[in-house]
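A.B. asks: Please find one structure pasted underneath; my questions will follow.
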Amino acid sequence: MNVKALILAALLPLPALAQGFAGLGQTADGYALPDPGRVLEFPHDHGAHPEFRIEWWYLTANLAGADGRDYGVQWTLFRNALAPGNVGQGWQTAQAWMGHAGLTTPGGHFHAERLGRGGTGQAGVTPAPFAAWIDDWRMESTAPPDTDPYSALALTASGPDFAYDLALVAHGPLVLHGAAGFSVKSEEGQASHYYSQPFYRVTGTLSLPDGPVEVTGQAWLDREWSSQPLTENQEGWDWVSLHLDDGAKLMGYRMRGEPDDYTVGTWIAADGTATPLPEGALTMTPIRRADVAGREVPVGWRLILPDRDLDIEVQALQDASWMATMIPYWEGPVRVTGSHSGRGYLEMTGYE
Amino acid sequence: MRRTALSALLSHWRRHPLQLASLLLGLALATALWSGVQAINAEARASYDRAAQVLGQDRLESLVPADGQRVPDAMFAALRRGGWLVSPLVEGRWFRAGQSVQIYGIDPFTAPADSLPPAVAETGGIMDFITPPGRAFAAPETVADLQDAEGLPPLVAAEGVAPGMLIMDIGIAQTLLRADGQVSRFLLAPDQPMGRTPLEQIVPGLERHTPQETADVAELTGSFHLNLTAFGFLSFAVGLFIVHSAIGLAFEQRRPMFRTLRALGLPLKTLVGLLAAEVMLLALIAGLVGIALGYVIAAALLPDVAATLRGLYGATLSGSLSLRPEWWLGGLAIALLGAGVAAAQSLWRLWRLPLLAPAQPRAWARASARGFALLAAVAAGLAGVAVIAGVYGTGIVAGFVLLGALLLSAALALPGALALALAGAERFSRRVLPQWFWADTRQQLPGLSLALMALLLALSANIGVGTMVASFRLTFTEWLDQRLPSELYVTARTEEEALRLRAWLEPRVDALLPIWRVEGPVLGQTAEIYGVADHRTYADNWPMLLAEPDVWQRLARAEGAIVNEQLWRRETLALGDPVPLPGGAVRPLVGVYSDYGNPRGQVIIGVADLVAQFPELDRRRYAIRTDPGAVADLREALVQDFGLPADNMIDQGMVKEISLTVFERTFAVTAALNVLTMGVAGFAMFTSLLTLSTMRLPQLAPVWALGLTRAALARLELLRAMLLAALTMVLAIPVGLLLAWVLLAVVNVAAFGWRLPMHVFPADWLWLAALALAAGGLAAAWPAWRLARIEPATLVKVFADER
């Protein structure tokens, strides 16, 4: 879940243009709506769904160098339809694309942002062979034919002062969130189609100002598309994806809003069996705040999930994991301690 | 004491309001002309800067196709996917029904940060922007100009967009410019990511250009503005003569007062300080008035200047004038400086004046013989400078040095030349009265010389500029006839329509000549490359300056190229030299033709040669040779039977009319400044005569006492002024012709790249001579009238006054 919606809203370089699209809490006139009866099909659904308003390919990786230092990598491609019906072609294609890349080190945080429109070849997604790209940033399948294209990926991105080139291989199945991939976001019923591949093992190279660093680690890919994921009174969210050391995974998010927060998630067993967490089963409480980019952001959390005897502390690896993009947000790697240990990613939006 | 002294000094102006008026008016006029010209230049510079800043082009590098042609827009994705952060740009001119605008098609998604004008960046509705009909952003005045233009997207007024330019989405622009799938160039973002694929591996044929290489309007128009500045300066110099004589008069008349004040104990330092402060105060007042006048002049001239720059250089100026500090502060400064220079001599003389020296204007004249010799020496020196600049100098600055030195030298030599002429006349006079007349005229020369110099400058500038403009007009109209032999020019809307049009026209007309062209770099600068058909029209008419005997056959065989005079001069080419074309082909130079009114280089090759080298070129334009009497019917048939819109054709007469309009406007400004300069010179003459008339009573009184009537004296005064004006006019003719030669053969070549034959128009000089006589007569009329009416007692008093 994600930031992603809000950013998409503001995706356009003509900033105020975004106002017409910022209302992701408004009605989705003319756009396709998520359907609880729809059965996701792969590899078809790995590709783009241009009839929906917004969509993303969102990968986060917890990595470590040979010397044991921790790193985090984020690669995101957003699609935003500018008009319903997937209209236009060439320069007039009504699809906008945006890429975000982040690279967190123990000493700092790098990020970059790219924009483009569909129809020119600058950015897009093809389902088979699978490739998602904007400019020279690519996420493309390296899986053998007749296997899930997501089972192996090559991933690259670059900014003025950093770059990364990673190889990912999945060691588990795709995981559908909510009811078979139909994920509800509010009491009013806002929803999206949402699935993940959380079982990647990663090897690759980070290019940093001080030189290249060989890394290994784990990664988590989120796929989500919708036309109306937020209610009008939801102001932002806090989201985690955690790789626990015992092999289990936890995805959880708290939608901050009036009158009440809405907290749900998915418990993923080591074998990939997914159990949706009903609203309120998981509690997320800030325990440490930091001054980041001129605002107070909760970079330490306590998570309690009584059903699984889980009571953990989640702490940011780097408090300054700030994505100073057009719509800024916090996204960075975290360490897990307490009843369980592990690593993961934390995302927080809407902190003004 | 100081206050008393000041009020005594200022009381002079109360008693001589006319003198005060002439001082203020002279300085105000000089400042007005100077600051008016500066205001125009400042406005132009601001417009160029704004145009250069469009899309950050003044600070962003760009990738430009090496052959100057557009490239397929697939290159955009190839570059981006190779890691190059580029933003595509398609640009071109859009013409419809006599209106034209520069169109910039941008990609708002990839445009580098801050490269879009804020009004464009903050607008609403990206879908409206990128999907037909799109939105076009333009300066409010451009929106107003294009109100009735059909075929453009809805216009949105946006501050910060340079005038004459439309900013729209690249997809919309491609359609309007008929450049579907094409990109003119790519802007490079300042921060590029790590690990890009080398450029030549992605897209061969692109060159990396620094920001300056793309913005050349300011450079193109530089000579034009220098031209204006020179005229402004000339006017200012003429204005200074007035100020000088007015200040000189005021000093002379106040000598008794200075003596009294000094005798009463006012220190010399304080007196000089007070007088300097007085001059500065007057200069400040006159400067402010001058700036206001300058604003009026600039506002009146600006539309013509703007039209000239658009017609000549394709540079667009804002049509409205704003009060920019750089010119009004400059105007004030130059008013103060000018008054300072004009007063310096008088102050210096006062500084060295013996305490009780009598006020004696006669001393001026005695010093004059030595003064004339000195002036003549300086004039000779300046003439030397002019010769050196003419022989060894190159470029427009040398041209103006030559001009300035020539004019100043002539002006400074004038008093000496006049003195010689008058002395000669005196020697040949036998009777007493003529002898006195010549001697008295010579005696007045020092006082009048400044005004006469101003008159000489104005007259010779008038002759010079008039000769240049008239020569130009004569040559230009002949040249237009040669250059535009075809009766009708048509442009099809599409390539497909062009093919049908060709088939339709071929049986109906004498000849169908393609007008196909591309633009691209030739010898380092953007040039136009045209292809000509093998047709006798060209051999019969084309205005060749020099050519191989078989020039047209060689073009048809793709064995040569001809270039326009501008390119030929700029690169100092000779027949047989290689002319490298965009894309790599080289053709030997086989001819040079004149091409007035075009700031750019131009190359002509055979049309088959052109098509072979640039197969993608636009083939929609044709010139039609037919019976001139049949043009109207042909137009009618093209509209009615073929279905070509009337806007897509233009006949010979119309093209000539448009060209001549551009030409007339080019020199409208020069002509206006010329008239103003003449007015200032006449005024200078008037104030000088007025000055003298009050100082000359001691010389006139004895003549009156010897029996000459006041009326006769007044007539002689009038005659003398007209005689001096006539003599000055005689001297102005050779100076003016020399000036015309410098303008035609040096300044124009440097400024525009073409040289014009000089034609002489003696009838115009007669008219000008009449004008000069009238100016002299008018200037002398009021002092002469006063002399005729003077109280005899006043004349008698001269003998009683202790002087």
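Glycine is treated like the rest: Cβ placed from N, Cα and C.
Checked TrEMBL, it gives:
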type	residues	note
TRANSMEM	B:230-251	transmembrane segment
DOMAIN	B:230-352	domain 'ABC3 transporter permease C-terminal'
TRANSMEM	B:271-302	transmembrane segment
TRANSMEM	B:327-351	transmembrane segment
TRANSMEM	B:372-392	transmembrane segment
TRANSMEM	B:398-424	transmembrane segment
TRANSMEM	B:445-465	transmembrane segment
DOMAIN	B:450-635	domain 'MacB-like periplasmic core'
TRANSMEM	B:667-692	transmembrane segment
DOMAIN	B:674-792	domain 'ABC3 transporter permease C-terminal'
TRANSMEM	B:723-753	transmembrane segment
TRANSMEM	B:765-785	transmembrane segment
A.B. asks: Where else in the chain does the transmembrane segment (B:271-302) make close Cβ contacts, counting only residues six or more beyond its ends and a cut-off under 8 Å?
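C.D. replies: For the transmembrane segment (B:271-302), the far contacts come to 2, 5-6, 9-10, 20, 23-40, 43, 247, 251, 258, 261-262, 317, 319-321, 323, 327-328, 331-332, 334-336, 338-340, 343, 347, 350-351, 668-669, 672, 676.
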A.B. asks: Which one, B:398-424, B:445-465, B:723-753, has the most C-beta pairs under 8 Å toward the transmembrane segment (B:372-392)?
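C.D. replies: Stretch with maximum Cβ contacts: B:398-424.
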A.B. asks: Are there residues at least 6 beyond the ends of the transmembrane segment (B:398-424) whose Cβ is under 8 Å from a Cβ of it, and what are they?
C.D. replies: 226, 230, 234, 368, 371-373, 375-376, 378-383, 385-386, 389-390, 392, 438, 441-442, 445-446, 449, 452-453, 456-457, 460-461, 724, 727-728, 731, 735, 738-739, 742-743, 746-747, 750-751
A.B. asks: Same chain, outside the transmembrane segment (B:723-753) by at least 6, Cβ under 8 Å from its Cβ: which residues?
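C.D. replies: The answer is 223-224, 226-227, 390, 394-396, 398-400, 402-403, 406-407, 410, 414, 417-418, 421, 441, 448, 452, 455-456, 459-468, 471-472, 565-567, 569-570, 596, 599, 685, 760, 765, 768-769, 772-773, 775-777.
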